[in-house]
Every structure is written in structure tokens, then in C-alpha cells.
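These features come from TrEMBL:
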TRANSMEM  47-67  transmembrane segment
TRANSMEM  73-92  transmembrane segment
TRANSMEM  99-117  transmembrane segment
TRANSMEM  129-150  transmembrane segment
TRANSMEM  171-190  transmembrane segment
TRANSMEM  202-221  transmembrane segment
TRANSMEM  233-254  transmembrane segment
TRANSMEM  266-289  transmembrane segment
Amino acid sequence: MWESICLTLAATAGNNIGKVLQKKGTVILPPLSFKLKVIRAYAVNKSWAIGFLMDIFGALLMLRALSLAPVSVIQPVSGCGLAILCIFSHFYLQEVMNVIDWMGITLAGIGTIGVGAGGEEQEASSVSIIQLPCLALSVVILFVLLNGWLRICKRQRREQELMEYEVVEEIIYGLESGILFGMASVISKMGFVFVEQGFSKMLIPLCVSISICCSGTGFYYQTRGLKHGRAIVISTCAAVASIVTGVLAGMLALGERLPSAPVARLSLLLGWLFIMTGVILLVSSTRLMRHLPWPLRKLIPGGVDRNFNLRRSGSHRVKDPSPSAVIQASTLHHLIPTPAKEKA
């Protein structure tokens, strides 16, 4: 179990840090196209090339982790990638972090230990073919309801002649993308479970291909939401929905169960809770700091106003072929040094 958790941490670190390095490299690069000159420019850019290789290597490690452990363990632990990214940005990119960031990192770390300790006794049972159509139908019905709710909100907004997204629309976009990200990990795991049950090994690349499609669709929904909505709301909902979907789908469709021992079960549940709380704190730390009373803000060192305007500016998503990597677009922006910071 600990081996798979370490692989997951390494995978999510490679995915998230790789995207930051790619983003940093594209600052001086032209828009990506199939022209030979443009492709050569990307290939010789050290920052982008290293980030791309780390991203691909992270995706391969994530597939290996999914083959060793239940997705209800792997998916929550993958949420710690944001904590690893913050540590990387603090020491490598000289990003200033506030006390809420460190609280989020600590909670995510404690949650990872809890998941590892509680997940030792988990054993995945055989998958019933009947459960898979039920899972697919449930996801389809959920998306129909969410999209119907979204259409109603958009119509009301047009009738009221409002330009900015309502909070409900931002939440829906975040939930839709997070559900798809979580399902991507579940579908990848299904391929390995089917092979263990004696099915053809061709199911692994088939499931991974479907997983990539789910992940790409999730990026589409998240990008649509980030175009006009607030990144903090969409990213938080996506992160939490991804973890919850991975856990529930793993238990319902893949036959994963909670540990039988009460202490191990409590450790696992608290681990999930701590990881989700840590991710929420990391995503929303800047806004939380700005809502603290001014006397308290003066006492807390570090990063109260760190690139707040950048976080509220338009967000950009680097499309990732990996079915398991999730990184907030607002995080990418605030990790790239701006000219103002370089002068300082």
C-alpha cells in the first residue's frame, strides 16, 4: 500500500510540476502548432522539454499506482499534488506562502498518512458486469440534471441581462469537470481489474483511451467555466468532486470496501477529510487571507496579497493527455514570476 501511495505522490508531483515548467517555457515560445519550426522551438526549450517529460513520466507512474492499489486510495492521495506544487514553488520559484498554505500542506500530509495507514486492509473484490452500466447510467443522469440546471441559470442570467456567471454556474462547471477527472481514474483502474479476472490484456489500453477522453472532456468543462467564472470556486469544486467521485465509484463499481477494523476505518475516513480540507485551503488561501481582520493579517507573515490580481485575471489551461493529472489554472498563473516581481 505504501509503495502505491509513494508512486501516486511522485506521479502527481511530476504532473503538476511538469505543467508549471511547461507554462514557464511557453512564455517566450510561439503558440503551439504542427509547423516544424515551432515544434523544434518547443523541443529545444529546456524548461518546456523537462516539464513535458515530467508530465508524461507522472502519468505512467499514476497508471502503475492504479494497478497496485484501490482507486479509493489513489484518487484522494493524488489531491496532494497541489501541496507538493506549493512546496516546489516556494523553494524553486521563490513564491511567498502564507500560513493558510502551510496549514493546507500539513493537513494534506497528515491525510496521506491516514489513508496509507487505513488502506492497508483494503482488498478489492471482483467487478460485476451489471454494476458498470448502472455506474455509466448514473453519471449520464447526473450530467443531464447538471446541464439542465445550467441551462436554466443561463436563461435567467440572460433575462436579467447579467454578464458575469452566477455562483451556481461556477459550481456546476467545477462539479462536472471534477466528476470526469475522478471517472478517468476509475476507468483506468477497471482495465487492470478486468485483466486480473482473466479478461484480455487489450482492455488495459482500451480503458486508458476512454480515460483520456474523460479527462479531456473534463478539461473542456473546466476551461469553459474558467473563461468567465472565478477560478477559486471552479477549482475547489473540481478538486473535491474528483476525490469524492473516485472514492464512491471505486466502492460501488470496483467492489472496494472500507477496512473492517474500526481504527483503520477511522484513519481512512479522517485521511480523506484532511486531504480534501487541505486542498480547499490551498486553493482558497489568498481569498481567506484577505477576509481576515486587518490586525490579524499584520501579525501573520507572508503572502497576504500574493498576485491576487493575477488569480482574478483570465485563466489558461494547458491541455494534458494524462487521465489523472489535475492542476488549477489559477495556480499556474500565480507560480509564474511576473516582471514586477523580477524587478523587486
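Here the Cβ of each residue, glycine as well, is placed from N, Cα and C on the backbone.
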Same-chain residues near the transmembrane segment (171-190), Cβ under 8 Å, at least 6 residues beyond its ends | 62-63, 66-67, 70-71, 74-75, 78, 127, 132, 139, 142-143, 146-147, 149-150, 153, 203, 207-208, 210-212, 214-215, 217-219, 221-222, 224-225, 229, 233-246, 249-250, 253-254, 323-324, 326
Is the transmembrane segment (99-117) packed against any residues at least 6 beyond its ends, judged by a Cβ distance under 8 Å, and which are they?
-> 1-2, 5, 9, 73, 76-77, 79-80, 82-83, 86-87, 264, 267-268, 270-282, 285, 288-289, 300-303
If we call contact 3 or more Cβ pairs under 8 Å (sequence gap 6 or more), are the transmembrane segment (233-254) and the transmembrane segment (47-67) touching?
-> no
